[in-house]
Amino acid sequence: MRIGEWMRGLLLCAGLMMCGVVHADISTVPDETYDALKLDRGKATPKETYEALVKRYKDPAHGAGKGTMGDYWEPIAISIYMDPNTFYKPPVSPKEVAERKDCVECHSDETPVWVRAWKRSTHANLDKIRNLKSDDPLYYKKGKLEEVENNLRSMGKLGEKETLKEVGCIDCHVDVNKKDKADHTKDIRMPTADTCGTCHLREFAERESERDTMVWPNGQWPAGRPSHALDYTANIETTVWAAMPQREVAEGCTMCHTNQNKCDNCHTRHEFSAAESRKPEACATCHSGVDHNNWEAYTMSKHGKLAEMNRDKWNWEVRLKDAFSKGGQNAPTCAACHMEYEGEYTHNITRKTRWANYPFVPGIAENITSDWSEARLDSWVLTCTQCHSERFARSYLDLMDKGTLEGLAKYQEANAIVHKMYEDGTLTGQKTNRPNPPEPEKPGFGIFTQLFWSKGNNPASLELKVLEMAENNLAKMHVGLAHVNPGGWTYTEGWGPMNRAYVEIQDEYTKMQELSALQARVNKLEGKQTSLLDLKGTGEKISLGGLGGGMLLAGALALIGWRKRKQTRA
């Protein structure tokens, strides 16, 4: 070994002994993630952990980029903000080369609200965190800051004894702790989840662990889904999203499927408030509406009403772990229930998922009593028993499961009827006016595409009705049950609307059968070389099936009478 190499090795060892090696054994990140990344959780440094996470995060084979249907669509102007890693390019103006303070000065004039929000943020006030006293309920933030600085030292972005002065524009939009100037037309980036993960490694790793723990026993959903970690992948791998030419409509879906790409859906820029993200309203923008009305169901539940009535008395700044004990919280919130897993609070919100919102997905209901599902049910019981007895919790969760299965059975009966019509070729226009959907979608019955694309009689009205019964009404029934909103699964939403859809489907099916019987009767009569207008026998004047047959028969009899009168006069 050469002397120079030997000296460098000696100095490195000495440095490590002096400052100690920081390991990233993050207790809230499950073993499955360390295994998937091929890391030893007891030895991996923050740098090694971060690099392994980012390598997977940016790998097209693991969901990055345009996806497998990328040839069928092109980004529009707004797309650069939906998936910055793939599409964002720095602006061509202003042609400025600026340092840290210049960003704030310029944007105070150009985008003043951004700057005001940032000045209120923890990012802009790190010394306030350092000065917190141990009896302050926010004291935990001091430990978080120290963890962030240790991460940055491991990554070589902060000196051994250096502290982070602030997190300003240049840190997120160029590079953390950048000392020199940046070219506005070359160096600017739009922050993505891995940008935030540079400092917030724990939270990034927790969120990314959804890929490893959301694995269904029989492949009911693709691995890692549904989740925040792969919600953009789920979006662009949806056939109709890639197929539809109305790209502005498609990007409406994207706007709620960008948690994979960035963190500001929950932590709004440029304040990035943890307190804001703990409030139920932070979830409402996306977890609402006709196919997943979680917000509506929660707010109309007793849980939601308690939160609404008492929220002004709660300290939203305390960490979730302390919300009930130190923050005055006395009712569940979205975060309190869904971010909790067996006593820990993390950004992995899928470890208790059992129904995944859509009970009609093949294999979901069949799996609900499996050991996999029962273990997750037990984890939910632990969540619920923070406020309820175990007997009550298990009783209610049993009601939820069985109520969902009852709704599923109602849908399945209706779906079987419409599917038979499809197989028989008797849906409206099925043989005469049913254009194929745009590529890459393939023709089929009751496919998700038909909620967002239509042409001619594709889909038929009954086909769309039973599809909405599954995607919307059954989903809302389950959500109402899961969020303890009685009207949300019995009357206003769920069972009531499903019952109406069922009745309408049965009505149309019966009319179709009667019309078919009428057609068969007419065909039979024509086969006797007898015109319908020449009916004479009483047996041939019987009802031919429903209103249509009756009207046709009445018209025929009137014409027969007219012919007889004409013959008599002649």
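We number each residue from 1, going along the chain as drawn.
Yeah, the Cβs are placed from backbone N, Cα and C, and that goes for glycine too.
Features of the protein shown, as given by Swiss-Prot:
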| type | residues | note |
| --- | --- | --- |
| SIGNAL | 1-24 | signal peptide |
| BINDING | CYS103, CYS106, HIS107, HIS184 | heme c 1 binding site |
| BINDING | HIS123, CYS196, CYS199, HIS200 | heme c 3 binding site |
| BINDING | CYS169, CYS172, HIS173, HIS270 | heme c 2 binding site |
| BINDING | HIS228, CYS283, CYS286, HIS287 | heme c 6 binding site |
| BINDING | CYS253, CYS256, HIS257, TYR491 | heme c 4 binding site |
| BINDING | CYS263, CYS266, HIS267, HIS347 | heme c 5 binding site |
| BINDING | HIS292 | hydroxylamine binding site |
| BINDING | HIS303, CYS384, CYS387, HIS388 | heme c 8 binding site |
| BINDING | CYS334, CYS337, HIS338, HIS483 | heme c 7 binding site |
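In the three-state DSSP reading, CYS169 (heme c 2 binding site) counts as helix. Listed in sequence order, the binding-site residues from CYS169, HIS338, TYR491 having a Cα within 10 Å of the Cα of CYS199 (heme c 3 binding site) amount to none. The Cβ of CYS334 (heme c 7 binding site) lies under 8 Å from the Cβ of PRO280, ALA282, CYS283, HIS287, ASN294, TYR298, each of which sits 6+ residues away along the same chain. The Cα atom of CYS286 (heme c 6 binding site) lies nearest to that of CYS196, taking the binding-site residues CYS169, CYS196, HIS200 as the candidates.
Each of the binding-site residues CYS106, CYS263 was scored by the number of other CB atoms within 10 A of its CB, and the lowest score belongs to CYS106. Checking Cα-Cα distances from CYS103 (heme c 1 binding site) against the binding-site residues (CYS169, HIS257, HIS270) with a 10 Å cut-off leaves CYS169, in sequence order.
Ranked by Cα separation from HIS107 (heme c 1 binding site), the binding-site residues HIS338, CYS384, HIS388, HIS483 are led by HIS338. When the binding-site residues HIS184, CYS196, CYS256 are compared by Cα distance to HIS483 (heme c 7 binding site), the shortest distance belongs to CYS256. In terms of Cα distance, none of the binding-site residues chosen from HIS173, CYS266, HIS292 sits within 10 Å of HIS257 (heme c 4 binding site).
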